[in-house]
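Working notes, beginning with the structure itself.
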């Protein structure tokens, strides 16, 4: 017999006074259903407000009748008292009725001439739900004040927030009080603290990165939609470096509307949430969050209070934007430290950098990973004194702060990365061993304790600090950039980031494991490269969870081979870059462009030629020990590929083998093997190059980069 209970809209729970209200488990509602809930909540809120106004008017009328009786009794004794009491009664009636009418969002009697312009835009927002707010979801007449349910719906954010300040009801962006100017109220209340109203969130997924300059100079943004510009002007701060920038001209309104609709649709699919200072209620099944957790946090942190979800609470200080976002000098592009598909990296000071992502989903993933790593590493191993408070845990770089408004995360600053490091000497081989052991330990920790696969192990994502007195010596190394990271399959539907800034909860996407989206094409592990060449739609072969870690360590072996070539080639770094590395990256760009354009066959063809360059790297560094690698790869290509693709593979392999000769590295390899640290790195590279087929991923990861 099916249950007669039905799910109802959480925002419309006005008639119940149940303590500790918790929403029933809900299936993922559609956008139409959630919008219907919003309309029902608005109607119920309006009806409750009218009832509250009528009840208040009735009480005042009854009080007026009682006072009239008293006046009649006193009229025989003192005639002047009648006028006094009647006047006081009328004033009281006017005050209460005015307050009740004001709570019902009828504010014509307190409108000023300066408010007429905001009235037109407020009419549209009055259709949004305004409900009485108590921790127990009581009736409209209960409680000592009203909560206003504010719907923030812009091109890049859709959330609902309660504002409360005594007898204040929030409508749209400002807090209105009886007879006050809405433009004078520029602060909201959440979590018991005053918070300034923020400018609207600008999506960098569809606009170029903003240029901001210190000292209050206007920044440059693309033109947004009319509502976004209006909200920007209303919520701007009149003075200081945080002035809202004026939009650029030149973009059509139709294109802007299309972008806004697409962005809001995607955001609608992600979350729809209601929050106040007592509870954060989300559309995620059975999930409610406690905003009081933010009071004890200074960095993103995993709070394992629920066995069903991995909640990372992301706090934000009130003055974060003024201390971080507006303090970054973007006036000169020469200051920029890095740029790529993820966004841009700019220096903040000597010890910190700011990463401005192009997609908000990447920022959400970064802070969730940061909280997970920081919490799991806290009980595993004590940090070195030099890394305390820097956000580096177990060789993994984490974010120490986040701003969804500007799509910004704050990280520790390193000297350079391993790709741009140009000082390689055999005398510092011990520091190279420590660096790669740290990276291998970070990968094992990330897979075993955090159950997350990085999927982007490249020299560009390995940050290093060098000895200023000896630039060839690597002091410390850390793995960064989690834009391609995915949790293990058993973490699907469980990973959530909760933001204090917006009072919302954002779910981390489930793992997809499409091989074409995993790893840089030039550093992809050879077993996965072969699977992608045969089938561009292939996914990660999940026959066992140990395959994830083996794949990651195999990619780290490719990075090690990349660095060993720079270290051992007697021709020098310039020749290696113009010859060997140019061949390795020759078809990587074509593979990425084909993937962006949806030409998967062209992508697999480019990966086939990259496989030839990877094979040449191994054959050059290993010499006769690399013969098995070459023969196995050639047999695979001849058995799986067409004759024309085989000819193209052989032709490019011949070109690579002419440039990557073992004679160029033979003498330095002998010197490398004469040291214990060099022998360790050489054997580690040999073991990773032995992972050449899918079955090799079932090996023991402890044999790779052993401690």
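Backbone N, Cα and C define each Cβ position, glycine as well.
For the ATP site that Swiss-Prot gives as 337, 338, 339, 340, 341, 342, 343, 344, 345, the extra residue drawn from 316, 359 is 359. Residue 343 (ATP binding site) sits 16 Å from residue 456 (active site, proton acceptor), counting Cα to Cα. Ranking the binding-site residues 337, 339, 341, 345 by Cα distance from residue 456 (active site, proton acceptor) puts 341 first. The binding-site residues listed here are 339, 341; among them, 339 has the most other Cβ atoms within 10 Å of its own Cβ.
DSSP assigns residue 343 (ATP binding site) to a strand. Here residue 337 (ATP binding site) comes close to 345, 346, 347, 353: these same-chain residues lie at least six apart in sequence, with C-beta atoms under 8 angstroms from its C-beta.
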